[in-house]
């Protein structure tokens, strides 16, 4: 079987550039209007994308004055989109730090039923410090503690999803036997962070459980991904670091006894596409002309765990001495690391750095014609940098429409990307093995259930 | 303006009788199939019902062998139904004991946006003792403690919903001003149970916040309802206790400075309807013939906080001495009280008690022709027992179809019930005043926003 490219559309507001909301090419609807997300999900489905994805933060960002903040909550959004779409995978972010395993397990099992097996869970530990203050905590848990809780959390919810055998429900009206009590069991979890009796009150869902997605790229984050993740979103400013990450993650995954193809690595790509290179470059210029420095500074401060950069001048050339040690940042360590590496390498002005990061917040940005973008995608795909991409159009919907209309056909012509969906569940689409219940027959899978 | 009858359809599995799942008249689809709920919600919408409602428990009930357990989680279910229906109100149960205010506030605000202002929140403190064991608690919080937390919880989420003014978002592409930072504010809540900084990360929703629904009828429950509830579901085995409850609740509500019409009282009614009385009575007989005593016993045990009734014989005549003191029950006190009162009054056999409760779990059951059921509804409505009903068909969809086709037209002929929807939001439909934000202009309402 030839290797298949995977494409996920990362839907964020009116586009991934922070000024997209002002650009003529961005959607007009309110960010609280479900029709906005429906239109984008249907466009991704028409392009036969694997899935769409929604990030999340458990606090309102600063700078509501100049940035488009405040939208819909991802789990309710996913449930609504499940009924408005038919085939596309749907991935929502939810936090292991600020939710209860029983609640999260129920909601995702329910989503998987409602969507007919198209759900993924982007597992996050919520690095934004402001979130803690919304959840009755004096201060944010430290990075290591957040991950310790995350490991146990995923263990608990996995047991809950395994607490019903796929064939537990008999629904036999004649005999009066609704379920086989021996095929539904309490989990009796007693751990350091959680004590959960179970069973879940939602029967086993079409995929058994949601596809596990993860996006942390710190050392601990990689270890977590190697253990649990089936798809990984990752941010790289250049191909070299993507190759290093890809290779390291596949190696770590194999070291834990998992097959390397059971973890799909999807770097972010934010491409400005034009019919000429100049037209593509003009997209960034237009977006940067609309920018407000306070938004980028607030974002940089948040990336570095609240560090204050306000004394720096916009035209000042930066050095690493202007930044705190990224390994001490109790927020998104891998992203802070990438930014300081870029500063050391390129010595940009603050303005140039903010413009660079405004595009895709530390993800890879590309600029070019559809042929050039398709070539970059193929290059990363065949060079061991990616199994596919987390597509982050700078402007929604127009830059995605160009991608779908002009880049996707090239990828198809090169035999890299599907023309039709050949599968039902997101798990199948990502080439992942069925999930057996840890409690019941080893050969029990959702395949049997649908047989 | 004449007083208008309100009708809510309480959707529960394949009907409210515990054996409905086996009855020929019940739906065939799996309880995890969204189409099952879509069909029922659309039928209620076609009948111009005010709303549909889903109860919830945070633990899998006992007796999965003989009872239909395991379905969809209410919040995701509501989000899906929001896109599958157009006008009907949608009410989901969610717990103040086992969720975080920030998460709940976000999800309900999001639901209210997705549905265009059709959402209600049934506020519960989760009386089922088994729930505690799914949420890392050694034992369930006591009744009083659960309510103390509930009061503060509703206070916090209300502040979160008020944290955006309805006119906060400017979305001015030209000037670059997305929102007015002065119209979005932190709530800075520091209470006994919760510390929440805010603001919410979802802008103000069409109704401002969901309609507050409540169903606890204990002394503390009534106090909570009088303070917060805008619609109340309540269980009464007879009209007299419904009148007492109605009068007491309206009095308590007025005593807190609220108008009596701002709390809509909806007793449950589970009606078996036939073209003759005999045909209607036959519905209960058919259902009881399908019953399994262990299911009723498990339910009785749960209602009395885990008290063991297994030593009683099915044909034994009961007395109140067979029951624990209901005021000491740390579960659903009002329901336990109603059951012991019935035992004192009627001295039923255990079998008769279980059959009686199997129908609607302590709610009023009626048996008769459409004319008789309509007459009962009108009688309660004009006697000060009800502002409308929480309709709990013993069998879904067939007994609801009979209600919609034969009872509703009689209610319309008598000028009691609407023929068309004249409103957009659930709040308007229940005759409730708009909700102003506590933080912003007193006259600020969702009406201005849509103006």
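Even glycines carry a Cβ here, placed using N, Cα and C.
Annotation comment: TrEMBL describes B:22-384 as domain 'Luciferase-like'.
Listed in sequence order, the residues of the same chain lying 6 or more apart from residue B:56 (FMN binding site) and placing their CB within less than 8 Å of its CB are B:73, B:74, B:92, B:93, B:94, B:95, B:122, B:124. In the three-state DSSP classification, residue B:56 (FMN binding site) falls within coil. The FMN binding site annotation in TrEMBL covers B:56, B:93, B:143, B:147, B:217, B:218.
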Fewest other Cβ within 10 angstroms of its own Cβ, chosen from the binding-site residues B:217, B:218: B:218
Residue B:143 (FMN binding site): tally of other CB atoms within 10 A of its CB: 23
